[in-house]
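Chemist: Structure incoming, see below.
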């Protein structure tokens with residue numbers, strides 16, 4: 001790759017597999033949320049999970065009329081991921097499951113609940129960002145999009161038995177080369193995957209290259225200069241919670257835009273939609289994607305902010321990085337006219353009171369068309385409003 005050109009920039013994003021310890025924790029927290037929402041749409045949930053060798057601790061603040069078998073649900077999530085035998089260092093059948101769940105503070109609750117639902121206040125103060133770019137068909141940055149797809153492919157060939165020596169824990173990292181803000185290729189591919197003890201390094205490298213990397217990454221972006229780092233330490237037998245402890249909410253950049261956009265700092269998993277850390281970040285993505293889909297900008301970043309107990313956002317900011325077809329002020333006016341960004345308004349707009357959250361907890365919350373915040377149904381209205 002012609003990296004001596006002054007116009008060429010490198011940008012890198014990473015992803016992790018569903019078997020990464022932090023992602024195990026995220027999936028357990030969101031599985032608890034989903035089970036509660038099935039029974040109690042008005043529940044208030046803030047569920048945190050910690051996993052380490054031989055144990056999972058589920059805690060947080062939950063106010064609900066629902067009953068959930070936390071122990072069996074936690075074991076089922078761990079089993080579904082693939083930790084089903086003690087040989088892996090973490091076993092759904094034998095690990096301890098500890099329950100440390102309490103109730104939400106009434107001080108918070110009085111600022112959120114209202115007789116008029118549209119007056120529902122934000123569950124906390126905070127800032128949230130949403131982003132979209134037209135460099136991929138899902139209007140997401142390419143590095144994080146394809147890093148996620150590598151991890152999805154790793155899980156697919158692991159669970160199908162095609163590469164039977166694969167284990168659940170894995171990480172990917174992609175460095176893309178850009179010239180004048182256009183992708184010209186992939187400069188580096190990093191993929192580390194947990195594996196069975198008996199597999200040889202040569203077999204592992206060949207298997208990962210042929211079954212994971214080549215079927216996933218577009219060949220037009222790969223060339224003789226692309227560098228590959230497959231299990232560069234040479235050994236990755238001990239992984240999952242035996243290798244590292246895992247905690248809900250510790251992969252916020254993997255969950256969003258891979259560092260290509262700013263982040264407000266709030267994690268998503270385990271939080272019901274009254275928490276604007278989660279729901280307003282989804283709404284900000286919906287707004288940004290709608291603007292790009294409407295052709296009003298090639299790139300768009302939205303910032304929202306809220307005050308606890310207050311319904312209306314305290315600010316809305318638009319940045320189009322010089323790619324806007326209209327002014328940022330015009331876009332802000334269009335947002336106010338077309339999107340209800342009050343907590344209850346955005347929950348209704350995106351139909352967020354439904355059990356869809358466990359699926360978000362691995363492979364990214366954005367760029368996956370099954371989620372309602374990925375719709376572009378308002379793009380035409382934005383175009384016509386000009």
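Just so you know, glycine gets a Cβ as well, placed from its N, Cα and C.
Positions annotated as ATP binding site by Swiss-Prot, on the basis of sequence analysis: 20, 169, 170, 171, 235, 236, 244, 250, 251, 267, 271. The annotation Mg(2+) binding site is assigned in Swiss-Prot to 22 on the grounds of sequence analysis. Marked as K(+) binding site by Swiss-Prot: 48. What Swiss-Prot records for 61, 104, 244, 275 is L-methionine binding site. Residues or ranges marked as region 'Flexible loop' by Swiss-Prot on the basis of sequence analysis: 104-114.
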Chemist: Name the one residue among 22, 48, 61 whose Cα is closest in three-dimensional space to that of residue 170 (ATP binding site); these are the binding-site residues.
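Modeler: Going through 22, 48, 61 one by one, the closest to residue 170 (ATP binding site) is 22.
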Chemist: Excluding near sequence neighbours, so keeping only residues 6 or more apart in the same chain, what lies with its CB under 8 A of residue 20 (ATP binding site)?
Modeler: 169, 170, 171, 240, 246, 251
Chemist: Between the binding-site residues 48, 61, 235, 244, 271, which lies closest to the residue listed as 'Mg(2+) binding site', Cα to Cα?
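Modeler: For the residue listed as 'Mg(2+) binding site', the spatially nearest of the binding-site residues is 244.
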Chemist: Cα within 10 Å of residue 48 (K(+) binding site): which of the binding-site residues 61, 235, 244, 271 qualify?
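Modeler: So the list reads 61, 271.
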Chemist: Which number gives the other C-beta atoms within 10 angstroms of the C-beta of residue 244 (ATP binding site), all protein chains shown included?
Modeler: 16
Chemist: Mean pLDDT, the region 'Flexible loop' (104-114)?
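Modeler: Per the prediction, mean pLDDT sits at 58 for the region 'Flexible loop' (104-114).
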Chemist: For residue 275 (L-methionine binding site), what is the secondary structure by DSSP, using just helix, strand and coil?
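Modeler: Residue 275 (L-methionine binding site) sits in coil per DSSP, no helix or strand.
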Chemist: Measuring Cα to Cα, how many angstrom lie between residue 271 (ATP binding site) and residue 61 (L-methionine binding site)?
Modeler: 10
